Structure formats: structure tokens, C-alpha cells
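Scroll down for the structure; my scribbles are underneath it.
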Amino acid sequence: MNRPAIRAENLRKRYGDTVAVDDLSLRVEQGEVLGILGTNGAGKTTTVELIAGLRAPDGGRVTVMGLDPWRDRAAVRRILGVQLQESQLHDALTVAELVDLYRSFYPSPRPRDELLELVELAKQRDTRFSRLSGGQAQRLSIALALAGRPRVVILDELTTGLDPRARRRMWATVEQLTEETVVLVSHAMDEVERLCDRVALVRAGRVAALGTPAELVRRAGAADLDEAFLVLTGERLGEPDDEDEEAA
Amino acid sequence: MTAHTAATPVRSPARPGVRSWLLLAVCEAKMVIRDTAGLIVPFGLPLLILVMSASSASEAVVTGGRTALDIYVIPLVFTMVIGLIGIVNTPSFLSAYRRTGVLRRLGATPASPVMVLVAQVAVGVAQSLLGIAVAFGVAVAFFGARPPIDVPAALGALVLTVAVMFALGMVVAAVAPTPNSAVAMGLVAYLGLGALGGMFGGKESLPEGVARVGEWLPFGAAVDALSSAWAGEGVAGPHAAVLAATAVAAAVVAAVFFRWE
């Protein structure tokens, strides 16, 4: 078997007294689409940031295609494309300008027109970022994540805040990523079920369960993935962790 | 060592090349140009001051055929342009980039956020030079302004002024937590230094002690250095030293405190 695209072993990260990622281990095979599913505050985004080398872990180890994203930062960034949650772009630049700028960062980028067609933004090429709709901005951020022909793509909360039609278009785009290894962070069951080969259920900074959607449903003796999530993590989706809220 | 074996890794640059740096600078320039409101203040305000004081100042010959316009007004206007762009405008852009996650997103590409910093400063400096050129052009064309007697000294003073103003701006960008606070801190620093350096009605109107202090602060020292160059007196060593030392100190402080997010 090939080496894994991503391997995380006993990853830990804390911010002050808050433990964001606590002994998280994960293996993502090349070419697969892995979903990371969890409530808000479960540590999904921190996990992504550790994989992308945007933060250094406090403990444990992570590799992307065998490289350490923190120490071999430059090498990892050439093979990794990310779409980050809540990250904006230069708002006065147009779609085409942004795509060209991001393409210029990589040694052998995808052609601009190919990228724009892939995410259906050819018509908006001269539209400034600040004037794009939420769905268009998200699609642009996918195009930028794919600009450098990455081997591994991380998509963080891809469809959060989009209307049902825009969500389906995003899914269609992700379904075209057949060459790449994709890590899809989400808290939407239907999305993960439709797009992912395997799903990691994350709770309190750990992987609570990992398997294909069907396996997880079977293991939990549940009717669907939604119920399996509840059984396997003891949590309800779409709500933040309330544990430390107003305890007194 | 054989040059071409199967194990030789594909030779491609680890970091984006010159073309990418230039493209980023062009993008930053577009950001500045498309922020029309942001252009009015650094170009318009100094021009206004120039026009308001030029006609009277252009009559009064001070020394060596240079008028008060050449020796006092032009150095002041130049310092104002560079200070506004360096201390107020550039940090507000960087701070907004940090707040909105632009720097974070770039940090996930092979482009280091340092590229953004360099591109921003390059664009800011270009903008300053353009502002100066416009102001000087207007002064020459309409008010008979004359070039400095000591041109090399003037260029040296200009370089030091740019260095000190942009280094101070980087301190603002480094410590300001939000874009609004960056503008506030930049304006306070700029107006404070400017007031002590004679921006409002000249040093003569300041109390003796205050004027003394202001002369050794970046704004006052920059105006004095440019003024001396225009009058052909060379740049006073202590002024140049103050500017250079402040620029270096500010750059170090900015580098220590800068955060990408």
C-alpha cells in the first residue's frame, strides 16, 4: 500500500486552558475523500491548521505526503491546497486577478481558465471579490486551493452559510476532484455522507470513531449517519459545546 | 556527483520567484488605487497646504536664492506626504489584511506573508514618491519653487525620512489590534509628531522647550534635514543620526511584535 497522504499521531494543541486537540490520530489514504465531522469547538479547525502547518502542535506528529508541515513548510505548501474558514481575500481585486496571483505562488499552476470553469466562475472573472455572493466567494476559494495542482486539498466548512442550491453546486465541484486527496471538514451530515469515502467523528479533540458512512451506521446500530453520530459521540450536531458555559 | 540521476528531485523553486513578487506588488497597488478615498488625503492635504502657503512664501527670499517656500514649505509638505502614507495608510491596509484573514490565507500558500509586507511598503514608497513629485511639480510650475542647493543631501534626507516613517508605520501595524485602532494610532502618532515638528504654523509658534524636543523627533528632524539640504547647508549629522536610529529601533520593535493573525 502507498504511504498515507496524511498521517497524524497523538496530536495535541491547547490555547491557554482550552484543549483544542487532544491526542488525535488519523490516517488519510492517497486519493480518498475523508470527512471530519464534529460539533463547533470539537477541534476540527485546529486539526486543519496543524495539518496545514499554520500552527505548531504542542505534542504528537503530523505528516503530509511524508513531510512535516511545520518544519518542511515550503515543501508542504507546494503540494497542499487549503480553503480556510473565515478567510477573506484582497477585496478590491477581481476573480481573474486573484486567481493569477495565487497561481504565481506555485511552480506549475493550473491554467486560469481551467480553474474558472471548474468552479463555474468564468462569467465573474472581472468581478471584484467584494461583490461576489457567498457561494461565488466559496467557489473562488476552492479555485485558489486548487491553483497549484495540490496532491492534498483541505476544505474547511465548505458550504456553511450557503443556500441549498449553492451547496449542491459546491458538492458537484468537489465530486470532480478525483485525483486529489481531500479532507472535508464539516458539520453537515448530508454533505459528508454524499462526498466522503470515510468519515472521522471528532469529539473534544479526539477521533471518536472512523469508518465509511455505512460502517459507522452499522457499528452504532443506527438508522442513519445522523443517529450514528449521536450514538458514537454522545453529541448533537449543529450546536456548540455548552459544557463550560455559565457553570455557576 | 552526477547531475542527473533518477533520484534527483524536480528542480523547482521552493519559494515564489520574482514574477510573483512583482505581481503581488501590482495587486497591492491596485488595492491602493481602487481605494479612492485613501488616495485623497495623502495627495490632497499636502497640496492644499502647499497652495495655501506658497504664494506668500514664494516672495520671501531666505538664503542663496531660495525662498521660504523652498526652505520651509516644501520640506514640510514632503514630510507630510511620506508621514501620512507611511504612518497612517500602509498600516491600516496591513491591519485590515490581518483582521480579515488575508494574511492567514496567504500563509497557507508558498508565498510568505513577508511578501505582502514588502509589497505594501514598496507600493507605499512609490505612492510617497509620486505624491512628492506632484507637490514639487505644482510648486515649480505655479510658484517658482527651486530645487535644493545640495541635491545629494536632499536625496539622503529623503531616504532617511521614508525609512523612519515606514518603520514607525510598521510599529503601528504590529501593535494595533484592529484596523480602526491602526488608523487611530497612526493618526495620533502622525499628528503628535507633526505638531511637535512644526506642522501647524511652524516651530516658531511652539514653546521653546517643546520646539527643542520636536526637532529631535522623526517629523521635526526630517523637516530640518530636508530644509538644510535645500538651503545648501548639508544635513546636520545629529539629525541624520536621529532619523537613522529611530528607523532601526522602530523596525526592530515592529519585527518583534508583528503578528500575522
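Note: Cβ is positioned from N, Cα and C throughout, glycine not excepted.
Under the heading domain 'ABC-2 type transporter transmembrane', TrEMBL lists B:28-228. What TrEMBL records for B:39-57, B:69-94, B:114-143, B:155-176, B:182-201, B:238-258 is transmembrane segment.
Where the transmembrane segment (B:155-176) meets the stretches B:39-57, B:69-94, B:182-201, B:238-258, the count of C-beta pairs under 8 angstroms peaks at B:238-258.
Same-chain neighbours of the transmembrane segment (B:69-94): 28, 31-32, 38, 41-43, 45-47, 49-50, 53-54, 57-58, 62-63, 103, 116-117, 120-121, 124, 127-128, 131-132, 135-136, 139, 143-146, 148, 158, 161-162, 165-166, 168-170, 172-173, 176, 179, 182-183, 185-187, 189-190, 193-194, 197-199, 202, 219, 222-227, 230-231, counting only residues six or more beyond its ends whose CB sits under 8 Å from a CB of the stretch. Counting residues 6+ beyond its ends, the transmembrane segment (B:182-201) has Cβ neighbours under 8 Å at 76, 79-80, 83-84, 87-89, 91-92, 94-96, 168-169, 172-173, 175-176, 210-211, 213-215, 217-223 in the same chain.
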